[in-house]
Every structure is written in structure tokens, then in C-alpha cells.
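Q: Have a look at this one before I ask anything.
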């Protein structure tokens, strides 16, 4: 059964019942718009996943893609110090997409959202030349100011909640296996799973806000690049402690050896684990964060005081 | 200059300054998420426009597409009886898209939003195989309940604010001109303009809510199909008065004659002018609405008491 064999009504009838109603949903799918209960200022973010660019149907199921589309947006909400409450999804896809892929996508959205009380409150389904999943997510600040990228101060501690480099390593393993037949070492399932279904520490965002985080973002383009964004926005320098990243590097060592690459590069430039990177006044670190560096005067990002001379990863429009 | 010649940073630097800050914008583009001021329950809607399916770059400029992407979402917000306050946009596009097309899109979003105090508060830009514009829009209910599709009652008046069939006529003229060389009659610019830049009566949505509208939606798939949605959701029958539609038909007569078609079909089945269709208790019609029928018992939609035997227009996944 393909999407083009179904009317829009039929497709919606198989999709909508799979979606969770969150705790803030006042009106779910079915009318011109949904209604979300909001207590004060609302955090809003949008991100799009495009087939063959951000995912491949050969490597990720519809459920994986739904999970990832939800999580990368919920991580952006968490990175403002907000609690995610809901999301909407706009999905364009070719008529020869299996209808089961679309309901799997709904299941993946639900699996990512429901445990956090996040509702999938509305959406739009359309034809298109490739699968394109645009999610817009919402979160509550509960009266707190948002944690921006611009508030880091000299003397602050740089800290991370969540994992680094696993998604990049997982993607590299999948790519090497397909192109060069490299067999992934045993025990690397964790890495490909993180690529398919990143599991960012969503509740750590609110914890960071309560603890007085001065700046925060989620690591979507790599630790160095995203640390550089905090440095630029705050007008400070961030120095990372390579020793503090040793556990992250160690976890990737076997996979890196199998591909003949440096695992530190994955930790420093791999995004899409959607870890939270934040700065805190000394002594203020909440339990979910571990220190990885400090804020100094100047600009840019250094590693043990030295600049990084490797690549910074990819750009969204490069080929 | 093409999109692929620019970094994401460069592209954002040319795009973001063109976007209007609306009256409810607390934090605009540049961080992980935006912040929207919200006084109570929030109306949320999302819609996607896909190249060569919903628009063609040969017929619509980037500015036209930006305008239309904004307006079709703002109309959904208005159709809930809400006042639009902001939107976010997720844009995927090929690397060979002219960079000027993208900034034109930002100008079109701004032209549609700024006069209504609506902010373009955030977005995401990505590569992709075709241009895909997903807009999510927000609106305030100011403590009123949303106007759903399900509240129409026997004895209510069916009424319309805005135009009917012009966008469909405009698209038919553009198609006939390209395929068969048919020269559009003089004076039909209004129709192609409505196709490119629909101008729904946004403020009529709140007026309808204040006047006690019992049901409302925006006509995006054609008057008959959308009236049928109110009938089904409300458990009633809607009878439309063909005589009341005569001015709409008359305006399309010359264009219809040039193509040898029935202008009534455009009025009844053409969507995308995004008129508002609502039901009101007798005597409650606000000035922006004109009566076009009445609500009775039973089900479905009739025209002067008779069923429509023509086509109902297109389905989103058919080819």
C-alpha cells in the first residue's frame, strides 16, 4: 500500500490516532488549527529533515525519522531552559512512499514525545519529490527568562549534559559499511542507534536554568562550532579541557580504530547527539552536567589553550 | 549567486534582517529557539508548500511564494477566531536556487505579516531536492474559545468573508496560457494575482468570533468540500444559495468563457482564495460576512436543495 493509493482523509485516519495528546493540548488535530495551553512566554523552534540529506530510508525506519525529527526540536526547546509541551509536523513525501512508513513516522514521533508529556497537536501532509519532515516544537518557561547563547561570563565553568560524537561515529560506521564493506566492530550498535535515535537529556535544560546557567545551546553542529557560537554571542573565549573529554573519546576508540580515524575529531566536531552545552558560575553545576572547560576573556574556542587545526565538519548547503 | 555559493551563515545574514518583528515577539531569530509572548491558549497551525505541486517558480516569484506561505497559515489562524501574532518558517531548497529567490521569499513573508503586526520569529534553512516551505503560525484567542468546525446548528446562516474561485481561475489561466497558448482576457490580472498572492480577510476571523460564529474554517479546498467539513463535524446539512454566489460567478465569467468552462465550478470547488466560511445564529452576521446559505437538519451540502454533480477538485496525493 503506497501513499498515492490512499486519499488524504484515509492517510490522516491512519496517522492521527497514533499521535499522543500532551498535557498542554487543548485541541488536537482535525480543525484549521490546534490549540495549545500556554501559561506565559512560549519557546518556539523549527527544524527540517530532508531525505538523502539528513537521513536515508535504507538506514533509518520511519519510526527512527519520526523520533529524530521530534528529538532534535525538543533539544532546542530544552536548550532555552524550557520544558517541551507540544509539536506540529509538516510532512511532504512522494506518492510511492509506503503508507506504513508514514504511520511508522507517527509512531516514532509518539515514542519520543509521549514519555515527556509532549503532544503532537497538529500537522500537514502533502505530496513532494522527496520526504521532507518539518517539525515545530513548543515549550514553557514557567516565568523564567530563556537561557540565551549570549550570557557566558569570564570565570564561568563550561559544562555538558549528554553524549558527544556518538551520532557522527554511527553515521561514519554506516557509510563505511556501505561503501567499503567495513564490518562495524562488536559493541558499536550504541553508536548507530544514537545516529538513528538521539536521546538528548531533555530535563537537563530546565535543571540548568534553575541552577543559573548563563548560556546554553544544544550541540547540533559539533562541540567546537557550537562552543564558538556561545563565545561569539557572549563576547568571551571558551577553553575546553581535552582530559575531561577522555571518557567520550574512549567510548568511540574501537569504532575509530576500525575506520582509521581520530575519535577526538568525532567528539569535537560531530553534532546530532544533541547534548546540551552550557556555562555556569563556578560551583553552580547541576548533577546532570559535567565540567569540560572554562570561560576566559578574548574570543574563540581553544583546546587546552591551543587552537584546533582539524576540520569543523559540514555546511548545510555544501555538496 | 546561488544558494550553494553561500555558507549557511551568509544566507542567514541576508535573510534574517528582512523579517519583521511582530508585536508578540520576545526573542527573534538567532538562538536555539524564539520566544513568543502569549497571554493564554495559543492557536497553532502548520502548512507546507512544495515546488511544482503548490507553486512553480516560472509563475510565482520568491516574494509571491513567501506571501502565499504566510497567508494560507494566517488564514487558518483567523478561521479559529484568533488574531495572528507570529510564524516560523522551515525552508528546504536545492543548492542551485538563486540566493535572490530566498531573500525574495523573506520579503514576501514580511509583506504579508508586517501590516498585521505578525512577527517572523524563527526558521530553519536546509538543502533539499526541491523547494519546500513549511510555515507554522500562531495566534491569540484573548480568552475566547476557538471557533471550531463542529458548532453549526440548524437554523444558522451560512456566510462567507472574502473571495471565491479567483485563485483557481488564475491558475487555470496560467496553465492554459502555457499549454495551449490561450491569451488571458484583459482584466484578468486580478485572478492570477489572487493565485499568486491570496489576500484573505484576516480580521474577519476575530469579528466572526465576537459576533458569535458557531462554526468556521477557511476555504482552502473549495467551498463545497469545506462546507461539507462543517456539515460532517456539526452533524447538520448546509444548503447553499446559488443566487447569493452570482457576484462571485460574474467576476469570473470572462475568464471562464475564454477557457470554455463553467465559472460556477471555480466558485464551488476552487480553494486557496482562503475566504472564511462560517455559520451564525440568524441576525448575528458581522459586516465583513455575506450570507450564502442556511443550516438545516440532515447531512451533506446542497445547492438550492439539489446535490452538486460536478467534480470536487483535487486530492493532495493523486497524480
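The backbone N, Cα and C atoms fix where each Cβ goes, and this holds for glycine too.
In case it helps, TrEMBL gives these features for our protein:
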type    : residues                   : note
DOMAIN  : B:30-140                   : domain 'PurM-like N-terminal'
BINDING : B:32, B:45, B:76           : Mg(2+) 4 binding site
BINDING : B:32, B:76, B:218          : Mg(2+) 3 binding site
BINDING : B:46, B:47, B:124          : Mg(2+) 1 binding site
BINDING : B:47, B:76                 : Mg(2+) 2 binding site
BINDING : B:54, B:272, B:314         : substrate binding site
BINDING : B:123, B:124, B:149, B:220 : ATP binding site
DOMAIN  : B:153-256                  : domain 'PurM-like C-terminal'
BINDING : B:221                      : Mg(2+) 5 binding site
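Describe each of these features in terms of where it is and what it packs against.
A: Taking a C-beta cut-off of under 8 Å and a sequence gap of six or more, residue B:32 (Mg(2+) 4 binding site) has no contacts in its own chain.
DSSP assigns residue B:76 (Mg(2+) 4 binding site) to a helix. Non-local neighbourhood of residue B:76 (Mg(2+) 4 binding site): B:45, B:47, B:137, B:218, B:220, each in the same chain, at least six residues away, with C-beta under 8 Å from its C-beta.
For the recorded site, residue B:46 (Mg(2+) 1 binding site), the DSSP three-state label reads strand. If you draw a 10 Å sphere around the CB of residue B:46 (Mg(2+) 1 binding site), it holds 28 other CB atoms from the protein chains shown.
Residue B:272 (substrate binding site) is surrounded by 25 other CB atoms, counting those within 10 A of its CB over all protein chains shown. Under the three-state DSSP scheme, residue B:272 (substrate binding site) falls in the coil class.
Secondary structure at residue B:124 (Mg(2+) 1 binding site), as computed by DSSP, is strand.
With helix defined as DSSP H, G or I and strand as E or B, the domain 'PurM-like C-terminal' (B:153-256) counts 59 helix, 13 strand, 32 coil.
Here the Cβ of residue B:221 (Mg(2+) 5 binding site) has 21 other Cβ atoms within 10 Å, regardless of which shown protein chain they belong to.
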Q: Considering Cα atoms only, can you say which of B:54, B:123, B:124, B:149 is the nearest neighbour of residue B:221 (Mg(2+) 5 binding site) among these binding-site residues?
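A: Going through B:54, B:123, B:124, B:149 one by one, the closest to residue B:221 (Mg(2+) 5 binding site) is B:54.
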Q: Would you count the other C-beta atoms found within 10 angstroms of the C-beta of residue B:47 (Mg(2+) 1 binding site) for me?
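A: The answer is 23.
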Q: Cβ-Cβ under 8 Å from residue B:149 (ATP binding site), same chain, 6 or more residues apart: which ones?
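A: Set apart from residue B:149 (ATP binding site) by at least 6 residues yet with Cβ under 8 Å, we have B:215, B:216, B:217, B:229, B:230, B:233, B:234.
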Q: Near residue B:123 (ATP binding site), which residues of its chain come within a Cβ-Cβ distance under 8 Å, counting only those 6 or more away in sequence?
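A: Long-range Cβ contacts: B:15, B:29, B:88, B:89, B:90, B:91.
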Q: Using C-alpha atoms only, work out the spacing between residue B:272 (substrate binding site) and residue B:124 (Mg(2+) 1 binding site) and round it to an integer in Å.
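A: Residue B:124 (Mg(2+) 1 binding site) has its Cα 25 Å from the Cα of residue B:272 (substrate binding site).
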Q: Could you work out which of the binding-site residues (B:124, B:218) has its C-beta surrounded by the smallest number of other C-beta atoms within 10 A?
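A: B:124, out of the binding-site residues B:124, B:218, has the fewest neighbouring Cβ atoms within 10 Å.
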